[in-house]
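**Student:** Shown below is the structure under consideration.
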Amino acid sequence: MSVLDFDYMLGLVPILLSYLPLTLEMAAAGMVLALALACGLAVIRVLKIPGLNAATMLFISFFRGTPLLVQLFLFYYGLPQLLHFLTQINGITATIMGLTLHFSAYMAESIRAAIVGVDRSQTEAALSIGMTNGQLMRRIVLPQATRVAVPTLMNYFIDMIKATSLAFTLGVTELMGATQKEAAGSFLYFEAFVTVAVIYWIVVELLAWGQRRLEARLNKAYSR
Amino acid sequence: MIQIANLTKRFAGTAVLDGIDLDIEQGEIIVVIGPSGTGKSTLLRCLNFLEHPDAGQLTLGDLQVDVTRASRRDILAARRRTAFVFQNYALFANKTALENIAEGLIIVNRWPKDKAHARAREILERIGLADKADAYPASLSGGQQQRVGIGRAMAAQAEVILFDEPTSSLDPEWVEEVLGLMKQLAAERQTMLVVTHEMGFAQDVADRVVFMEGGRIVEQGPPAQLFQSPQDPRTRDFLRKVLAAQPAPQTL
Ligand SMILES: Nc1ncnc2c1ncn2[C@@H]1O[C@H](COP(=O)(O)OP(=O)(O)O)[C@@H](O)[C@H]1O
Ligand SMILES: [Mg+2]
């Protein structure tokens, strides 16, 4: 008798893979929203917009300073108690919300660093020809900052995919939740969790491979 | 026509510009000289509102501004009437030579892209870089980058181009091509206010040389007069030091 029940594992793969789209969709939605929010937060921090700057620092401090799981529970179980219209919130929405806010805090700081890293004299040159702050951000600073920030942001996306597994604690049957259920039915916990680990691992490695290729391309930019 | 009246700028209480008065005729080429830390860059930067002056009146063509009351709109208008050439070129690293020149036309003047690119090509032709239209700054020599920097300023069609030590960051081999382009502009009677240590350029090209020290204009006049018979002891002292450090212009 072998240590692992390979037949069970092979049979499990297609079942688990059918939950992969939900996992990826939550991560993708979280990523898009977190990026948009992080860009806004980063610009507030860079321009030191009065009032908003302090609020943004507090936001970033909170979402980086507390565990994601605590934040998810706060949104899913805690907030509806205060805001009654949220009683309808489902686990998927709560997860996307949590991922968005949590990761936007980290991403805002990377984006801010990338923006600040763009040579200040280019900002002055843009101002000198009469561009507004918005125009010079959009045309000069953000495109360059993006190139610097993309590799880090890709890392956050990879983290986010792994973090979607926390959604099962909010009752969402995504990749991890499905594994949990299968394992509970078969009592083959070891096989089930090894299988899901390998699936996450392969997905992440594929993305990491894409990231390395992207990085190589970005490094070549602007030198033609 | 440019009029600068009582232009004042303080940093941490210290007057870096201490009531500068200067009028510049259309087509006039003025060279500003003086020891470092004397406020020459600050003067140019205040005209372009890269620094906000504390007091003074500016007339830039049809625009009149009391700097203490300058609105956002005034500042943008002033920037459109003054173009800046930076010591370190400050080209947009994510834009090609052509795009660097066309950017202001497209974004600030709202020209259609085709028209802006056509104009940028004309300018590249004039600055001798037609073959570098698609090159990014990182692949250009210092001299080429600064010529693109000047091309970007030319595109703005400003009342005056402000040059802040345009050749000071260049390797010696590239200085001549940049000065040559500036001479070409001067010959076309482009109004220019140039801060430089290139005394030969001042001698050959300037209509008027302005000597600044301690945030004030100490003395000014045509180059022949200022270089050959400086009136103020500070001017004489400065010229002696500078000319000892670099070969004197032929005509001196
Ligand atoms: N942003 C600034 N903050 C504080 N001090 C400044 C700033 N810019 C210039 N200064 C000071 O103002 C003085 C004049 O500087 P600058 O105009 O650069 O002189 P120059 O171009 O003649 O060498 C210097 O003493 C410099 O240290
Ligand atoms: Mg200077």
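Here the Cβ of each residue, glycine as well, is placed from N, Cα and C on the backbone.
Dumping what TrEMBL says about this protein:
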DOMAIN    A:20-208  domain 'ABC transmembrane type-1'
TRANSMEM  A:20-44  transmembrane segment
TRANSMEM  A:56-79  transmembrane segment
TRANSMEM  A:85-103  transmembrane segment
TRANSMEM  A:148-168  transmembrane segment
TRANSMEM  A:188-210  transmembrane segment
**Student:** Under a Cβ pair cut-off of under 8 Å, which of the recorded stretches A:20-44, A:85-103, A:148-168, A:188-210 contacts the transmembrane segment (A:56-79) most often?
**Tutor:** A:85-103
**Student:** Residue list, the transmembrane segment (A:188-210) vs rest of chain: Cβ under 8 Å, 6 or more residues beyond ends.
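**Tutor:** Cβ under 8 Å, 6 or more out: 4-5, 8-9, 12-13, 16-17, 20, 24, 154, 157-158, 161-162, 165, 175-176, 179-180, 182.
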**Student:** What else in the chain is close to the transmembrane segment (A:148-168), if you only count residues 6 or more beyond its ends and a Cβ gap under 8 Å?
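**Tutor:** Answer is 23-24, 26-27, 30-31, 34-35, 68-69, 72, 91-92, 95, 99, 102-103, 106-107, 110-111, 113-114, 117, 174-177, 180, 200, 203-204, 207-208, 210-211, 214-215, 218.
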